[in-house]
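Input: a single structure, listed below in structure tokens.
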Amino acid sequence: MCIKTTYIVILYLFYCNVLTIDSCENYNTCDECIGDPKTNCVWCAKEEWSELRCRSIYPGNWCLNHTINPKNSVIKTDDRSFSSDLGKTVQIRPQEYKVELRIGQEISFNFSYEAAKDYPVDIYFLIDVSLSMADIKSKTANKSENIYFAISNLTSNVFLGLGTFVDKNAIPFNTFYNSSLTYSFKHHLNFTRSYENFKKILNDVPLGQNYDTPEGGLDALAQVMVCKEELGWRTQSRKIVVLLTDATYHAAGDGRLAGIVKPYDGKCYMKNNVYSNELSMDYPSVSMIGKLAADEQITVVFAVKNSMQSVYTKLSNSVRNSWSTTYDSADMDVILKEIYEEITQSIKLDIRSPYRKKIDINFIPDCLEERNDECNVKTGQQTNFTGTLKLLDYIEADNFLVDVLIGGVKENLKLNIDVIKKCDCVTDVSSIKCNAFGNRRCGICECNPGRYGDKCECTATSSSRMSDNSSCIAPGHTELCSGHGFCHCGSCHCRERYNGRYCECNQNSCTLDASGAPCNGRGNCLCGVCTCTSNDWYGAACECYKPKTPCITDDGKLCNNRGRCECGECKCEPIAQWDARYYQDQFCRITPCPDCHSRQCNMLENCAKCHHTGNTNCSDCDTIIRVNVTRTLGEFNITDSKWNVCYFETNGICYSRFMYRYDDDNYSIEMYVQTDIDCAESYYMFGGLFLIALILIGIATLVAWKLLTDARDRREYELFQKQRAEDMSETRRNPYFKPPTMTFANPVFRKRSTNQLKL
């Protein structure tokens, strides 16, 4: 019993000692100490200091008046007021911050966005003029007036531009003799307000031709985005390119079929309004198109044939601020109006920095509605943002730039960041305290190359031990190197499985995995604390996967926008009370269930009944439920698998219907309630019940009649048997009996016989 108690006490003291060891103690210089990205380390620059100099946990009177703990600072350096003046538009404020940032520490900054009134819009139409596009070309020209006025109703400053493309004029892309009808890109009209001129020029453009199915749309699109002066893009405008085609596209690498191997370099090569390098440069890559669109803040609208939408949807997913639609779905003026309204009513923030992967930046808006990095806004309404920025790891540069851009508007907030890497200490060059072999700075010696030790007393080839081993004894202890190593030249050299400045840490004090490795084999154990060696892992035992890739669905949503990613797994939001479904998969996607429909109908019935009566203020309807009222559901395609139909009773004998569908993108439910009632079903039901009841009554009557007659006959038979038994005592002639035969006497029978005898 005593042995067990002693063992527990020893373990307790051991772990108490281990857990109180500071992880900052391994840093030997002030610059290393303050540069720790994970711990807020503080350096003690006091001379003749015998304790640990770098710590994160310390009492209030520790190294009083000599601590070095640099703090972040944020200062506005450019703060112009909002303006809608043409050429002097300001939509983001402030425009620049000067930031002093310490690695691993977070700063906060504020900025605002206000959409300018009548902000200029440049719309460039890039049209595939191959033979199959004849109808679309003509239709676009004829609708040019509608297109212009549709956007003019939203902003009065609208300019239209025009260019066309077919494909590279080279075999095998083109094998026709009339090569003038095959080209990668031609610019026809600089930006203008004249939709009549736009219509005339587009109608006059001849149709081209090429041999293979894909077109050279990316060649043309790249030139439209980079040739700003040649096409007349305005400096301050919302820039939109509408690419119309009915075929897929050539991309980087396809040019090799014609012997064109030089990659496209992202520059403008326009000569006489024609792309001049189509036969010497390969097609642009999709990533190049995405980069150009992002650099110039150009919104690309891919308006394509129905059969091509899936192809261009994938392309649109790779090009930020782009859209994919079909020109078969509606007229171009309607399509552009809807897209422009959505563009101008939402804010998309974009971050540019050479060290984007090493910074963590987040924004909290006060918008009307928040969806990921977007929020709905109104023109003239100011939207405020609170941003946070943290530098996650050490970088070589002493300063760098972070640009915060508003998608589609070429304005940005600049964050000029100076990284705090050096401690602000006075340097004593070749100090006597360092034996003239180093500089004295921040309370310690920074030794020259080839020298080391607390006083630079050791050389790289020295094997002698210092007579003063005090630097190898931990404060409050008496053993050299905690009894787990030896002291050499003022420093501890630890035995296997031990580390720390004084060899006080057991590497196995951290959690061990199944193979016996500490920190799951992904980090170093220092005094019971895991220091993960890879930025991809974190946690007390380096057990959590930091990248959010395992939480991203196939369509690029993080936990389906319904949860947060923790330790490589989605932590989902609970299912709402209005939702009858009850199962979420690993990506927080809510899946249907076989018994959900009837439950969902019951949950929505009161809401449907309320709207059926014409009431619009229904307390039974959750705010997330979008209810529409219609005369009859027959006007809709209710055979669509997304819609579910429910029935409800109106006045006890008649019924009506409503249908619903789930909108998992915005996590809501949409309903259509029918106002017409249907009594036919009730009549049939009650008529059928009456007929069945009548038949049952008839059958019951027949059965009762049969039972009664049988009972009466049985009583009569029993009476007959009783009387018969009584009458069998003697034989009597029934006075009412009539024999079946009759006897007649021949009156002459005897007379004739007598006469015969007499003869």
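Heads up, the Cβ atoms here are built off N, Cα and C, so glycines get one too.
Note that the coordinates shown come from a computational prediction; the quantities given were computed from them, not determined experimentally.
Residues or ranges marked as disulfide bond by TrEMBL: Cys30-Cys41 (among others). For Cys30 (disulfide bond), applying a Cβ distance below 8 Å and a minimum sequence separation of six or more within one chain yields Trp43, Ala45, Arg53, Cys54, Ile68, Cys423, Cys425, Arg441, Cys442, Gly443, Ile444.
The disulfide bond feature in TrEMBL is assigned to Cys227-Cys268 (among others).
Under the heading disulfide bond, TrEMBL lists Cys442-Cys481 (among others).
Around Cys447 (disulfide bond), a 10 Å sphere centred on its CB holds 20 further CB atoms from the protein chains shown. Under the heading disulfide bond, TrEMBL lists Cys447-Cys456 (among others).
According to TrEMBL, the feature disulfide bond maps to Cys487-Cys492 (among others). Residues within less than 8 Å, Cβ to Cβ, of Cys492 (disulfide bond) and separated from it by at least 6 positions along the same chain comprise Cys472, Leu480, Cys481, Gly485, Phe486, Arg501, Tyr502, Cys503.
Residues annotated as disulfide bond in TrEMBL: Cys489-Cys519 (among others).
Residues or ranges marked as disulfide bond in TrEMBL: Cys494-Cys503 (among others).
If you look up TrEMBL, you'll see Cys527-Cys559 (among others) marked as disulfide bond. In the shown protein chains, 23 other C-beta atoms lie within 10 A of the C-beta of Cys559 (disulfide bond).
Counting only residues at least six positions away in the same chain, the Cβ atoms of Cys519, Asn520, Arg522, Gly523, Cys530, Cys532 sit under 8 Å from the Cβ of Cys542 (disulfide bond). What TrEMBL records for Cys532-Cys542 (among others) is disulfide bond.
Look at TrEMBL and you will find Cys565-Cys570 (among others) tagged as disulfide bond. A 10 Å cutoff on Cβ-Cβ distances gives Cys570 (disulfide bond) a total of 24 other Cβ atoms nearby, all chains included.
The disulfide bond annotation in TrEMBL covers Cys567-Cys621 (among others). Within 10 Å of the Cβ of Cys567 (disulfide bond) there are 14 other Cβ atoms, across all protein chains.
Close to Cys679 (disulfide bond) in the fold, though at least 6 residues off in sequence, lie Ile653, Cys654, Tyr655, each with a CB less than 8 Å from its CB. The disulfide bond feature in TrEMBL is assigned to Cys607-Cys679 (among others).
Mean pLDDT across the domain 'VWFA' (122-343) comes to 89 in this model. Per TrEMBL, the feature domain 'VWFA' maps to 122-343.
Among the features that TrEMBL reports, signal peptide is placed at 1-20.
Here TrEMBL flags 683-705 as transmembrane segment.
Note on proximity: of the disulfide-bonded residues Cys268, Cys489, Cys494, Cys565, the one nearest Cys527 (disulfide bond) is Cys494, by Cα distance. Across the structure, Cys567 (disulfide bond) and Cys268 (disulfide bond) place their CA atoms 46 angstrom apart. Across the fold, the C-alpha of Cys559 (disulfide bond) and the C-alpha of Cys41 (disulfide bond) stand 35 Å from each other.
Cβ contacts within 10 Å of Cys621 (disulfide bond), excluding its own Cβ and spanning all protein chains shown: 20. Counting in whole angstrom, Cys227 (disulfide bond) lies 42 from Cys565 (disulfide bond) by their C-alpha atoms. Reported as a whole number, the C-alpha separation between Cys565 (disulfide bond) and Cys489 (disulfide bond) equals 49 Å. Using CA atoms as reference points, the disulfide-bonded residues Cys268, Cys447, Cys456, Cys489, Cys494 were checked against Cys621 (disulfide bond), and the closest is Cys268. When the Cα of Cys607 (disulfide bond) is compared against those of the disulfide-bonded residues Cys41, Cys487, Cys489, Cys570, the shortest separation belongs to Cys570.
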